[in-house]
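Colleague: One structure is given below, represented as structure tokens, and several questions about it will come after.
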């Protein structure tokens, strides 16, 4: 048995599953996320160079500590990889996570001083920067176009040999907590690989899920979504529940299970165990802070930690929406209605919301921008959470993608910009007063308070309110791409019915019932729901497998009727949204353009309407917004 419970199904792949997996392979090849021999050779060369540099540095520091030359030659030291490279799910352009493991006479101060300088002096290494005050301190660099994140860990050993088993918990005894956190990157990655029944199926499934997460804009640990290790643990749990399934089936089961998972019940890959080494572990029964985690995914090695502590209620809701939408798309793929390319289409963001915040950072040069941007990014997740405290803001959606400000907007200065989409509740004809000034000012001051160590003249942060039509000056290409993306769920069925002139429900029911694959998948999903519910176990009152709601399914005919009614009602609803005329209303919105070095006052009036039919047209021309006669007040308050 793998994991916390017995498997849901030990069934072997069918011919259809194998065929779907082959088509998945083709889709992933087209997306260029499959590792090539050339890329592997380049990465091995880069890691070999880093390993030689690290061992040379360890020898030099050992000599400075007055160790005999023969001892300095034999103290050893390791450069280990973890993350996507260690899991085998990297692709061209992906970064490498690595760690330098040293014996006890080498200190962290040495690492961020002499080793940092050694890297800076090497002509083959670019953009070397140290983030010493981070929760997990790191040195970042670029070698041959590959980004490297290198951590540091000091073991309480005289010598560190190549065959040191990092899975031994006793190695953590008497270590600095920062070293423990750094070491756990390797320990968690290796443990995941040991806990999955079929590594090849796991890797292929994880490659697809990571690509999906990036395209659907839910991939970023720093910004409150899920990072690589969290996605890996979710995929590993599904592999444990379906040990013999093909990757195509695992992807379907992934969306099926986690679209119904009852968070905050945690996901665990193995039973928790205790070691009396004094390090804090995730346990909501003991730690009050752990009870506030909304999407716990627990690492499988001691000290067990929640890898998703940055996830908020807002980002969890966004992730769950993407799970549910993608489960519907998987239904189309399994029935042959759509291809794999549909699930890898980017999610709509810029055409989904009507109002936005643009958070822009400036610097004097690219190297300074890297540091400044990294600091702002580490604090950025607090802004959407703060904005949702405003009563009229239903959702504040942070897009994790970074964009470059157009030249005319940045005036040639290096810049990066993030966008937050705002969903505003309807006001039933009353005036809506939106004042973001306090929340944005607090965010800017929070960033400024953390920037004292790296702040330089020319580093600015600016927050602006935008309407959808303003995005043409910021991300014109993104707008065009999104407008070219069709509706996601059931679009082909509805389009085909309209083309063939068949609109009656009975005709569609009759046609849908002809698909044995559809009926088979429906029955399988119901069975999975019931089995998952039966597999619920508890470990000292902590649930280890989320209870998935069990829905009693009607007959195949009723199920088809429900599907058809849903699709047709969705089509009618969309049509009505494109044609209805809603009551106009006045909205007062506070706008800020906040610079840490400068504050300005101005008043701008512009026409727009929150409830205009245009706001519901994802692919509508923004030109029609200008004909709206609503007045929106945009204010620029002073930064304290």
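Any Cβ shown, glycine's included, is placed from N, Cα and C.
In TrEMBL, annotation is done automatically, which means it is predicted and not curated.
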Colleague: Check each of the ranges 481-503, 504-526, 527-549 against TrEMBL and return the one annotated as region 'Disordered'.
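Modeller: It is 504-526 that TrEMBL annotates as region 'Disordered'.
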Colleague: Looking at 567-603, 604-640, I want to know which stretch TrEMBL calls region 'Disordered'.
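Modeller: Among 567-603, 604-640, the range TrEMBL annotates as region 'Disordered' is 604-640.
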Colleague: For a three-state summary based on DSSP, what are the helix, strand and coil counts in the domain 'Poly(A) polymerase central' (201-345)?
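Modeller: Counting residues per DSSP class in the domain 'Poly(A) polymerase central' (201-345), I get 71 helix, 6 strand, 68 coil.
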Colleague: Express the distance between the Cα positions of residue 84 (ATP binding site) and residue 97 (Mg(2+) 1 binding site) as a whole number of Å.
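Modeller: With distance taken Cα to Cα, residue 97 (Mg(2+) 1 binding site) is 8 Å from residue 84 (ATP binding site).
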Colleague: List, in sequence order, the same-chain residues at least six positions removed whose CB sits under 8 Å from that of residue 96 (ATP binding site)?
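Modeller: The answer is 43, 46, 47, 81, 83, 85, 90, 146, 147, 148, 149.
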Colleague: Could you tell me which of these binding-site residues, 95, 97, 149, has the greatest number of Cβ atoms within 10 Å of its own Cβ?
Modeller: 97
Colleague: To the nearest whole angstrom, what is the C-alpha distance linking residue 82 (ATP binding site) and residue 97 (Mg(2+) 1 binding site)?
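Modeller: If we compare the Cα positions of residue 82 (ATP binding site) and residue 97 (Mg(2+) 1 binding site), the gap is 6 Å.
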Colleague: Just how spread out is the ATP site if you go by the largest Cα to Cα distance in Å among 82, 83, 84, 95, 96, 97, 149, 210, 219, 228, 229?
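Modeller: About 19 Å separates the two most distant Cα atoms.
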